[in-house]
Amino acid sequence: MTEQTYCDRLVQDTPFLTSLGRLSEQQVDRIILQLNRYYPQILSNKDAEKFRNPKLSLRVRLCDLLGHLQRSGERDCQEFYRALYIHAQPLHSCLPSRHALQNSDCTELDSGNASCELSDRGPVAFLTCLGLAAGLALLIYCCPPDPKVLPGARRVLGFSPVIIDRHVSRFLLAFLTDDLGGL
């Protein structure tokens with residue numbers, strides 16, 4: 001899948017950004033001032049005054065600004081997104097192009113029909129499995145060794161220190177020390 005350019009993203013996000021109530025006048029003014037002050041090659045003083053003209057409606061000024069940036073090029077669109085992130089971060093995270101990018105990243109990683117989440121069972125299922133594993137480990141650890149009941153358990157536990165952290169492996173190795181001669 002090809003990368004989506006910032007200009008393409010701005011074309012996709014323009015209807016969302018210009019809809020009523022998305023950006024306040026103060027946020028638009030801050031974005032314009034940032035583009036004008038830090039990047040005067042993007043917005044000259046004359047352009048900044050035009051886009052901050054209070055006689056025009058906010059929607060018209062924003063449409064003009066976005067059109068100007070789309071015509072200016074990729075770097076200008078990228079700086080607009082940076083200014084939008086700084087001055088309107090909650091809105092930046094809701095942009096349609098960001099959702100499209102996140103969904104495309106997930107589909108590239110997935111086999112196609114699986115979801116992006118690791119598990120949808122929740123924390124109760126995790127705690128249940130953790131409790132079950134801890135209970136079984138405690139049962140094996142505390143029960144007196146009876147070779148007739150669990151003949152292969154000590155062999156399995158003998159290989160688990162390779163996988164488990166060194167702090168836990170000390171306890172497993174101490175458990176195995178009395179029966180290593182039987183391997």
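Just so you know, glycine gets a Cβ as well, placed from its N, Cα and C.
Cβ neighbour count for Cys77 (disulfide bond) (all protein chains, 10 Å cutoff from its Cβ): 22. For Cys7-Cys77, the entry in Swiss-Prot reads disulfide bond, with the evidence type similarity to another entry.
Per-residue pLDDT, averaged over the domain 'CARD' (8-99), rounds to 90. Look at Swiss-Prot and you will find 8-99 tagged as domain 'CARD'.
Among the features that Swiss-Prot reports, transmembrane segment is placed at 122-142.
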Residues in the domain 'CARD' (8-99) grouped by DSSP into helix, strand and remaining coil: 70 helix, 0 strand, 22 coil
Secondary structure of Cys7 (disulfide bond) (DSSP, helix/strand/coil): helix
Number of other Cβ atoms within 10 Å of the Cβ of Cys7 (disulfide bond) across all protein chains: 18
